[in-house]
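The following features are taken from Swiss-Prot:
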{"type": "CARBOHYD", "residues": "ASN31", "note": "N-linked glycosylation site"}
{"type": "CARBOHYD", "residues": "ASN95", "note": "N-linked glycosylation site"}
{"type": "CARBOHYD", "residues": "ASN105", "note": "N-linked glycosylation site"}
{"type": "CARBOHYD", "residues": "ASN108", "note": "N-linked glycosylation site"}
{"type": "CARBOHYD", "residues": "ASN137", "note": "N-linked glycosylation site"}
{"type": "CARBOHYD", "residues": "ASN147", "note": "N-linked glycosylation site"}
{"type": "CARBOHYD", "residues": "ASN277", "note": "N-linked glycosylation site"}
{"type": "LIPID", "residues": "GLY2", "note": "N-myristoyl glycine"}
{"type": "TRANSMEM", "residues": "181-201", "note": "transmembrane segment"}
{"type": "TRANSMEM", "residues": "250-270", "note": "transmembrane segment"}
Amino acid sequence: MGASASTNEQIIENRILNEAYNSCPSVGTANVTTLSGIKFEAPANCNPPSAFVIGQTATVDSNCLLTSLQKGAASAASKLSSQSKAGLGISVSTNISEVENSIANITNNTCAGLATNNVVDITDTVIKACQFRVVQNASSKVSCQINNTQNLISKIAADATSQAKGGSLFGDLFGGGLGGIIAAIIIIVIIAVIIGAVVYFIKQSSKNKGAEKIIENPETAALLVGGFKSFIGGASDFVDGLKKTNMYKFIVLLIMVLIIVILLKTLDIPNPINHPNDSNRIY
């Protein structure tokens, strides 16, 4: 489950980033461009595979990229639950424009102390798209906003994956919403009935030597013993076998542990998956 969730998260993140980078037209570059120390973090699961290609088409304007990243982040974030959006510090509105403004305000405030007039070296901007791009004309503040928006997109992708999965083992087993809760309750009741039946017949068999003495009332005996025998093919043999091997203790313990795990997992709150460069992420 973990590997699958990680893959799905990366696919969502790649889609948002690639659409943002590809939505901006190419811009001209200077005659000489220094690429020493460039930060190109090619993600996994790129389709087509990631590539580092230098040319006139490998450039993108920083302001266009920032706007596109914020739009992509807003589009994905608007589909998250109110709880997830609140956890990210994003407006809980379902209106994409309001969510986009909220994301812009977050990154703007995070990078508030940086200059808006000096153009930074391209090495200050991290490229996370599958295809390499040279980000042109970025001020210190815009570069900071681009990096922080990309990190925010990573968190949005993690929450989107967790939300789709149900957010916990409970969601994976039973699905989300009311239907999942009802299914869990039904399964727990069935397990409880099985445990009760096993415990009852074990206690009764320990008090009596033969199956015919399990209960003295003939009608009740016929109902309980006969019905149980038809269900498992011989209650006394089944119970005797369990008692001799102590297997019933293991079965009861295993079922109880399963119930406890399921109940605990229903209280799990989806947490964003940790990513590299957590120090640059928005909290």
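Every residue gets a Cβ built from N, Cα and C, even glycine.
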Legend entry - Those glycosylation sites listed as ASN95, ASN137, ASN147, and which of them has the most Cβ atoms within 10 Å of its own Cβ: ASN147
Legend entry - Whole-number Å value for how far ASN108 (N-linked glycosylation site) lies from ASN137 (N-linked glycosylation site) (Cα to Cα): 18
Inset, instruction - Could you round the CA separation between ASN108 (N-linked glycosylation site) and ASN147 (N-linked glycosylation site) to a whole angstrom and send it over? - result: 12
Legend entry - ASN147 (N-linked glycosylation site) versus ASN105 (N-linked glycosylation site) - Cα distance in angstrom: 14
Inset, instruction - Note down the number of other Cβ atoms within 10 Å of the Cβ of ASN105 (N-linked glycosylation site), including every protein chain shown. - result: 13
Legend entry - ASN95 (N-linked glycosylation site) versus ASN147 (N-linked glycosylation site) - Cα distance in angstrom: 24
